[in-house]
Amino acid sequence: MALRLLAFLFLLILPLRAALAAEASLEPVRVQHGQMLISERVTPPPDNASWEPVSLPYRSIKPVDPDLITYWFRTEFEYRGDPNLPLWIFFPKLRNGGDIFLNGKRLASLGTSDSATQIRWFRPFMIDIAPALLREGPNQIAIRFAARDPLTSFGEFKLGPREALEAEFDTVMAWETTSRQHAAVLCLFVGAFALVFWLRRRSEHLYRSFGICALLWGLRTVVLFMPEVPMAHWTLWRLAYYFTTGGFIAYITLFLLRFSGYRNVWLDRSITGYWLLGMLCFIVLGKTARPFMDMAWQLGFLPLVVFALYRVVVLALHHRTVANMAMLLTTLASMGLSLHDFAVQNGWFRWSEIYLLHLGIPAFLIAMLWAMLDRFIGSLELEQDINERLSFLVAVRQSELATQYEQMKQLERQHAATEERQRIMQDMHDGLGSKLLAALITVRDGQASRDDIIALLQETIDEMRLVVGSLSPENPDLLGPLWDFRFRMMPRLARIGLKLVWRTENLPEVLNVSPYTGLHVLRIIHEATTNVIKHARADTLCISIIYSGTALEIRVEDDGVGFVQENKPQGFGMQNMRSRAEKIGAFLDVESSERGCRISLKLPLQELPLPQPIAA
């Protein structure tokens with residue numbers, strides 16, 4: 001029974017051991033050592049060449065001359081795997097590209113720099129190895145690449161089955177390539193949007209600085225990570241890199257200073273001038289200025305950035321809002337990542353050539369955008385509060401003004417009523433009162449005949465009707481009182497043998513004037529008619545009423561004997577008519593001759609449409 005149990009356990013262990021062995025065979029081999037050689041050969045150099053042992057990642061300062069140097073790297077690995085199981089090479093970093101050889105035969109060509117082109121790859125590679133090229137036991141990999149950058153680098157790589165390498169390949173591709181591309185697109189889009197917003201609100205200077213920062217960083221990412229640059233355009237490409245890099249540092253510094261509330265015109269100009277001075281230096285000196293630009297010029301921004309960071313720290317400590325703390329933390333993180341990339345670029349430490357700033361800048365830009373939106377929303381809320389307060393104050397003021405306006409209207413109505421009563425009293429005193437007084441004196445002295453008394457009383461009644469008719473507030477139309485005057489005067493004129501001719505021209509249906517104006521117009525006509533009756537010895541009296549659209553003209557004409565201007569009637573005569581005309585802004589013209597007299601009254605009016613003639 002015990003033997004059977006042991007046999008059963010042995011049968012279970014055999015598949016498990018096979019699975020573990022298979023899993024062990026899938027483990028990738030990490031290449032960390034090899035040999036390096038400088039050689040212009042296009043095929044792997046022999047073993048007796050001057051190979052030097054190196055450890056990966058390899059970082060070395062390239063000699064100044066020549067400009068382009070060709071390197072060879074080789075290493076060996078043991079192959080004891082399944083011939084039917086494909087083997088892959090995974091390069092997390094292969095900056096300078098290269099030609100890859102396996103056991104002396106070309107395996108792949110990724111392209112490398114030459115005299116006409118600069119090649120720089122910022123992405124991982126996976127290359128499959130054909131089983132026919134592998135041999136049992138030691139195998140040799142040789143990689144030829146050319147470098148032009150001041151610092152030559154060659155990173156670690158791995159060999160193994162695809163399943164064991166693919167996950168790491170996807171991770172490196174996502175973090176270093178895909179995220180960088182997405183960040184560049186995001187920066188360009190957000191920067192353009194911020195600048196468009198700033199163009200609509202020029203007072204928001206933070207949005208201008210933010211928009212320029214985002215655009216410059218997006219352009220810098222595109223320029224720096226171009227995999228292939230023709231050497232004919234290398235100087236222009238490098239100038240674009242310095243321009244976007246220095247511009248980004250300058251404007252991010254200006255943004256931080258402005259965000260923290262620090263304003264100094266000379267410091268702003270100094271930062272911008274330092275950036276542009278570097279551009280001028282590179283334009284004048286060209287390639288020879290590259291070491292200075294890569295090291296001293298970029299480090300020259302450090303004190304300015306540190307000062308701006310200090311201002312942000314002071315702001316965050318005094319105003320501990322979430323937005324200010326986020327700005328501080330992302331600024332510190334971005335500064336740390338930039339120093340890391342600077343150290344990697346200049347080979348200060350034996351770090352793999354992995355650049356991380358492109359991961360921190362989008363977070364920093366998001367924090368910038370968040371801080372600006374927080375301030376913008378705060379300003380909108382403050383503006384809303386101010387508007388509500390102003391609306392309340394305006395409503396209170398409107399109520400006060402409405403009350404005052406109502407009081408003023410009431411006072412004006414009282415004042416107008418008082419003035420109107422005074423005018424009526426004066427008119428009644430000057431017109432009706434004087435005529436009644438004249439009638440009283442005439443009757444009392446016994447000097448007037450019956451006909452004279454009737455005439456005086458008739459004039460008094462006419463005066464009363466004239467005042468009452470012209471002062472009617474319900475109907476300001478002047479045409480009604482004019483027609484009433486005509487029909488009242490026709491019987492009187494007929495009794496004394498004076499023919500009345502009444503002419504009208506272009507009269508509208510309604511001719512509205514103020515009662516005050518209407519009364520003076522009627523008084524002038526009445527006075528002119530009375531003068532004709534008393535003094536003209538005329539046979540015909542013609543009254544013409546002509547409307548021209550902008551003025552009303554009334555003519556009183558007779559065919560009597562006329563009068564001499566020096567001897568014109570006084571009292572309620574010509575002088576009184578002129579005075580009344582002046583009070584209503586009218587013009588009075590008098591023409592007299594031996595064949596009669598004509599008095600013309602021209603009253604300017606608001607323009608009304610002329611009546612259309614009726615078709616026959």
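Every residue, even glycine, has its Cβ placed from backbone N, Cα and C.
Note on TrEMBL: of 116-134, 325-343, the range annotated with the feature transmembrane segment is 325-343. Ranges compared are 401-428, 569-596, and TrEMBL records coiled coil for 401-428.
Each of 182-199, 239-259, 271-289, 325-343 was scored by its Cβ pairs under 8 Å to the transmembrane segment (295-313), and the highest score goes to 239-259. In the predicted model, residues of the coiled coil (401-428) average a pLDDT of 75.
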